[in-house]
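A.B. asks: Got a structure for you, questions after.
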């Protein structure tokens, strides 16, 4: 039978509940347990798929095509497991499913209420994850902050789960801010106390408190929190600021977070083996010299919009003992008159995914500059599309070449809607997930990087390359090195006589892991390091 851990947050948002949950998952897996992780978000959007990157950050895509919260990227990177749509649930999805069930008559004329109908639906998501994943421990992060009105059904649901399963099968971890007042030079525990008081009023006694702080707290601070929050002093854990988030599991290991959880859940495991994670962190600390990536994007004001891309670059850099330096370029600031000057010192250029026509011409110029000046280039999804459009304009003498996403007239549609897609709604109209086998052409850079002729990568797009232009571009020297043969969709392009010029229609950033960078990122970083 699965055991359950619930992670809540108090005082303020952005304290690192996701990293705390991920770190615990890392430790439990290192102890020999199978772990599954979930995120419950209190917003009313059905999923993050149509949310603005400026408000939500990146949309992380799972193997089975789930458009999920960016915390799932942390989960997968920390526990090195493929999660599913079941790992991300919003209040909007819960309410939609409940209302649809009522409209179908599933409730037999009952009065539909938050308790029990909404809370039962939330509990079912947790229990279903336990049943289908076969995991020993389910770790569920509750989004938002305790006290928010939107979070209350989730708090009530996990309270009921504890009642149903018993304390020996459920652990509550509360992450809260240990406030430091610079004026008086002292730490204040009152915000944590009030946050726990709020939890207690909702029927939940936390078992472990993780206090976010800049440095380790004193024995006196922990004793005070212990006294007022009804937990042993040993169950007060410091989440201190670290240079790298990947050091946090080791910090939690030193404070025995996993041991506290295992003891309460009455689980006996083998010795926790952190050797591979320690070696990874040693790589990070040994990475002194920088490598620079010029990042030409649409949403650079909020770097979380590209979280997995950034982490993938970092992870690849550590393989060469290099740390990442990013030169951020707003795509819509590049134009014909300034792009050469702006990009003249670029060591490597990356154009990531995105939607809409803003900044497209700037991205096209960035890919053109990389192509013509032998600068390593990696284009992801949109970045692959604009690179192909740029080549078509120059090599086929088609100045009107474009995508129907940006030029609705479709005069020269190098990219067009994926066949069979209904475009009436934005939500649910994308090609999603890793269901599509990419067959890689023999003797190409892609084959060398992957070491395989077949790969499965994750997608998130609604436009595809128009094969009417394939032969003409091949004759000019563009190599279509990866194809989804079933529907003849182009997945990878590359230039053979270039240090590194590769574009993928899929998103390789979603499968990079510590100690296992995605091959495209590793090849891109290696090209930057070696390109003189």
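Note that Cβ sites are derived from N, Cα and C of the backbone, with glycine treated the same way.
Just so it is clear, the model here is predicted, and its values are computed rather than measured.
What Swiss-Prot records for this protein is below:
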REGION    1-267  region 'Amidoligase domain'
BINDING   13, 188, 189, 190, 191, 192, 193, 224  UTP binding site
BINDING   13, 148, 149, 150, 188, 189, 190, 191, 192, 193, 224  CTP binding site
BINDING   14, 15, 16, 17, 18, 19, 71  ATP binding site
BINDING   54, 354, 382, 383, 384, 385, 405, 462  L-glutamine binding site
BINDING   71, 141  Mg(2+) binding site
DOMAIN    292-532  domain 'Glutamine amidotransferase type-1'
ACT_SITE  381  active site, nucleophile
ACT_SITE  507  active site
ACT_SITE  509  active site
A.B. asks: Let me know the DSSP-derived helix, strand or coil state of residue 462 (L-glutamine binding site), please.
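C.D. replies: Note: residue 462 (L-glutamine binding site) is coil by DSSP, not helix or strand.
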A.B. asks: Nearest to residue 382 (L-glutamine binding site) in three-dimensional space, by Cα, is which of the binding-site residues 17, 18, 193, 224?
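C.D. replies: Comparing Cα positions, the closest of these binding-site residues turns out to be 18.
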A.B. asks: Please report the distance from the Cα of residue 71 (ATP binding site) to the Cα of residue 354 (L-glutamine binding site), rounded to the nearest angstrom.
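C.D. replies: Distance between the two Cα atoms comes out at 19 Å.
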A.B. asks: Give me the Cα-Cα distance between residue 190 (UTP binding site) and residue 18 (ATP binding site), rounded to a whole Å.
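C.D. replies: If we compare the Cα positions of residue 190 (UTP binding site) and residue 18 (ATP binding site), the gap is 23 Å.
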A.B. asks: Between the two most separated Cα atoms in 54, 354, 382, 383, 384, 385, 405, 462, the residues recorded as binding L-glutamine, what distance in Å do you get?
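C.D. replies: Comparing all Cα pairs, the maximum is 23 Å.
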A.B. asks: Any idea what DSSP makes of residue 188 (UTP binding site), helix, strand or coil?
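C.D. replies: Once the DSSP labels are grouped into three classes, residue 188 (UTP binding site) ends up as strand.
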A.B. asks: Do you see any of the recorded positions 16, 189, 192, 193, 381 whose C-alpha is within 10 Å of residue 354 (L-glutamine binding site), and which ones?
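C.D. replies: Cα filter at 10 Å returns 381.
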A.B. asks: Max Cα distance spanning 14, 15, 16, 17, 18, 19, 71 (ATP binders), Å?
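C.D. replies: Farthest Cα pair among residues binding ATP: 13 Å.
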A.B. asks: Do you know which of the binding-site residues 141, 405 has the most other C-beta atoms within 10 angstroms of its C-beta?
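C.D. replies: Counting every other Cβ within 10 Å of each candidate, the maximum falls on 141.
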